[in-house]
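Novice: Please find one structure pasted underneath; my questions will follow.
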Amino acid sequence: MIVNLKKTCPFWSDDSRCALKDCHVDMCNQDEIPPGLKGSEPTEKKYSKEAQDEDESCEEQKELGALNTTISDSTKEALRNWTKHDDTQETFCELDDDNSSECDYVDLLLNPERYTGYKGPSAHRIWRSIYEENCFKPQEDGSTPYSPQQSLAGLCLEQRTFYRMISGLHTSINLHLSSNYLFQDKLGFGNIKWAPNTEEFLRRFDPVNEEQGPQRLKNLYFAYLVELRALIKAAPYILEEEFYTGNEEEDKDVKSGIRDLLTVIQQAPDQFDESKLFQGDPKEAKKLKEEFRAHFMNVSRIMDCVGCDKCKLWGKLQVQGMGTALKILFSGDQIGPHSTINASQKKKFQLRRTEIVSLFNSFGRLSSSVHSIEKFRHLLS
């Protein structure tokens with residue numbers, strides 16, 4: 001996956017960088033990046049006779065048919081604004097610029113999501129900002145969704161959906177940390193091991209310790225069903241993708257694996273119906289949808305404020321995956337449980353490689369969390 005972990009926090013001074021070694025992310029070296037992802041032709045092809053003849057012919061044509069194609073600074077600025085406007089209209093989260101020099105390729109298998117020791121005021125500020133400043137809540141209710149969700153009773157369907165998706169994502173992340181917990185000597189020396197922590201699981205989800213624990217687990221299943229529905233809807237589109245990396249054998253295996261996965265999930269009943277959202281008065285529905293999109297866009301920006309690089313990596317990936325799911329659900333000629341998006345609609349709808357990678361990995365993390373619940377039930381039985 002390509003990601004920019006160097007972006008600065010747009011909301012507050014990033015003064016709490018994690019110094020723990022487990023927060024570190026190992027980037028891919030240039031020789032580890034598949035040739036198909038580097039965006040350039042192999043050297044032997046680049047300097048072949050055919051390539052040289054083609055370049056010379058192109059240069060000659062350019063010189064003979066040259067036009068003044070300069071654009072004024074004001075026009076350039078206007079084009080940038082149009083592009084920015086178009087991009088934000090179709091996306092629910094802020095994506096990194098893949099062409100930025102600050103982006104790096106990361107092997108997710110070598111940087112697994114697990115407990116790193118990142119906690120305290122910095123970590124709490126992230127979630128507090130998401131819940132208290134970006135989740136919807138009734139104006140007349142002074143309580144916040146960061147505490148018990150008594151305030152959700154006054155929210156409309158769309159606002160409750162937003163909260164449950166965020167809560168489900170939060171629950172999933174907490175389950176990953178509880179399932180792959182760092183055990184080490186109290187002084188920080190000696191052997192370390194990563195293993196499930198039943199005490200941590202009970203602290204976060206047992207109703208004896210946390211009143212909203214069971215509801216948060218239900219929200220995890222809700223988020224899972226939302227992304228499942230998005231994959232079903234986008235299956236015809238995704239099946240037409242090449243997933244090219246330059247390694248023919250691996251590309252073939254990836255495409256076969258994706259085909260098998262999509263075949264299985266397409267048999268699942270449609271548990272989430274996006275057509276029920278943003279109904280009623282068209283003007284009010286449009287306004288609510290824009291608020292929904294803007295709030296989620298803000299959540300994606302908050303991920304750049306995470307002080308632990310590994311936590312930031314997986315936070316950005318999973319938020320982007322959920323944002324991609326929302327983009328899919330509310331795109332296409334039709335919206336509803338039987339609607340799909342296919343490759344013939346690429347003039348109106350496109351997914352970047354980053355979005356597809358994020359969606360599959362985000363769904364994978366949600367699936368892993370659902371499985372870990374069963375694992376904890378077995379350990380506690």
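Backbone N, Cα and C define each Cβ position, glycine as well.
Take a look at what TrEMBL says about it:
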ACT_SITE  C308  active site, nucleophile
ACT_SITE  C311  active site
BINDING   R114, T116, W127, S167, H170, R204  FAD binding site
COMPBIAS  41-51  compositional bias 'Basic and acidic residues'
DISULFID  C18-C23  disulfide bond
DISULFID  C58-C93  disulfide bond
DISULFID  C308-C311  disulfide bond
REGION    32-59  region 'Disordered'
Novice: Near R114 (FAD binding site) in space, meaning Cα within 10 angstroms, which of the recorded positions do we find among C93, C308, C311?
Specialist: C311
Novice: Relative to the Cα of C311 (active site), which of the recorded positions C93, T116, W127, R204 has the closest Cα?
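Specialist: Checked the recorded positions C93, T116, W127, R204; minimum Cα distance to C311 (active site) goes to T116.
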Novice: Return only the integer: C-alpha distance in Å from C93 (disulfide bond) to H170 (FAD binding site).
Specialist: 17
Novice: Say we define neighbours as other CB atoms within 10 Å of the CB. Which of the binding-site residues T116, S167 has the fewest?
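Specialist: Checked T116, S167; of these binding-site residues, fewest Cβ neighbours within 10 Å: T116.
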Novice: Please work out the number of neighbouring Cβ atoms within 10 Å of the Cβ of the residue listed as 'active site, nucleophile', leaving out its own Cβ.
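Specialist: Total other Cβ atoms inside 10 Å, all chains included: 25.
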Novice: Tally every other Cβ atom lying within 10 Å of the Cβ atom of C311 (active site).
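Specialist: Result for C311 (active site): 26 other Cβ atoms within 10 Å.
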Novice: What residues, ordered by sequence, lie under 8 A Cβ-to-Cβ from H170 (FAD binding site) and sit at least six positions away in the same chain?
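Specialist: Those within reach of H170 (FAD binding site), by Cβ under 8 Å and sequence separation of 6 or more, are W127, R216.
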Novice: By a simple count of other Cβ atoms within 10 Å, which of C23, C93, the disulfide-bonded residues in the record, is least packed?
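Specialist: Least crowded of the disulfide-bonded residues C23, C93, by Cβ count within 10 Å, is C23.
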Novice: Around R204 (FAD binding site), which residues of its chain at least 6 apart sit with Cβ under 8 Å of its Cβ?
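Specialist: In sequence order, the residues whose Cβ lies under 8 Å from that of R204 (FAD binding site) (at least 6 apart) are N174, S178, E210, G213, R216.
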